[in-house]
Amino acid sequence: MISSFASKTLFICFIISTMTCFVALATDNNPLQDFCVADANSPVLVNGLVCKDPKVVTENDFFTSGLNIAGDTSKNLVGSNVTTVNVARIPGLNTLGISLVRIDFAPWGINAPHTHPRATEILTVIKGTLRVGFVTSNTENRHITKVLNEGDVFVFPEGLIHYQQNIGHDNAVVIAALSSQNPGVITIANAVFGANPDISADILAKAFQLNKNTVKQLQARF
Ligand SMILES: *[C@@H]1O[C@H](CO)[C@@H](O)[C@H](O)[C@H]1NC(C)=O
């Protein structure tokens with residue numbers, strides 16, 4: 001017969017293991033084999049991408065080049081350009097839970113407030129000086145911010161809204177690694193004011209405590 005102490009212990013273990021399970025599912029799944037190179041030609045839709053036959057996998061499935069080339073920061077109003085190296089560029093990243101970006105900044109350029117629904121980000125400054133920050137969730141909305149110089153490293157926790165700004169007089173370059181093969185990006189201004197079709201101006205006016213005309217002006221810009 002199980003004592004009440006033992007049954008309580010079992011119950012607590014069950015709760016903990018369930019919670020651990022949720023934590024593990026919050027990020028990319030663990031691989032179940034050495035690799036699962038994405039098969040770009042497969043019509044099958046799965047969570048992630050279907051594996052290519054390992055026999056036809058080559059070194060080039062794990063390779064890309066050109067990250068020495070700066071993104072063009074003059075093509076948009078924010079003055080930055082993100083070059084993405086995710087599973088779409090390196091098929092071998094499929095199931096490995098990792099990817100990276102190069103971000104170029106014009107002087108005073110920003111990477112606008114955004115969030116990655118599936119990844120934590122760790123950023124290294126290669127060149128320049130940046131102001132970076134993130135905001136914690138609604139219990140506090142605490143703004144954690146810091147100025148970074150060459151060689152400095154900063155972490156943006158999974159899901160939290162964050163940004164970077166080049167505060168130097170020259171171009172800046174960073175490399176950031178992300179804990180997903182496909183982190184996703186939600187740029188806050190674009191998602192809220194540029195939703196297609198529009199989120200009703202009534203809703204946004206109340207949410208942002210603005211008048212409807214201001215909301216419509218913002219919507220016209222995104
Ligand atoms: C980023 O730079 C590339 C070329 O370097 C350019 O083709 C692309 O339009 C730029 N993207 C943005 C969003 O400015």
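Keep in mind that glycine also has a Cβ here, set from the backbone N, Cα and C atoms.
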Inset, instruction - Can you match one of His162, His169 to the Mn(2+) site that TrEMBL gives for His114, His116, Glu121? - result: His162
Legend entry - Cysteine of Cys13, Cys51 paired with Cys36 via disulfide, per TrEMBL: Cys51
Inset, instruction - Please list, for the domain 'Cupin type-1' (75-216), how many residues fall into helix, strand and coil according to DSSP. - result: 22 helix, 57 strand, 63 coil
Legend entry - Neighbourhood of His116 (oxalate binding site), C-beta criterion under 8 angstroms, separation at least six: Phe156, Glu158, Gly159, Leu178, Ser180, Pro183, Gly184, Val185, Ile186
Legend entry - Spatial neighbours, same chain, of Cys36 (disulfide bond) - Cβ under 8 Å, 6+ residues apart: Gly48, Leu49, Cys51, Asn94, Thr95
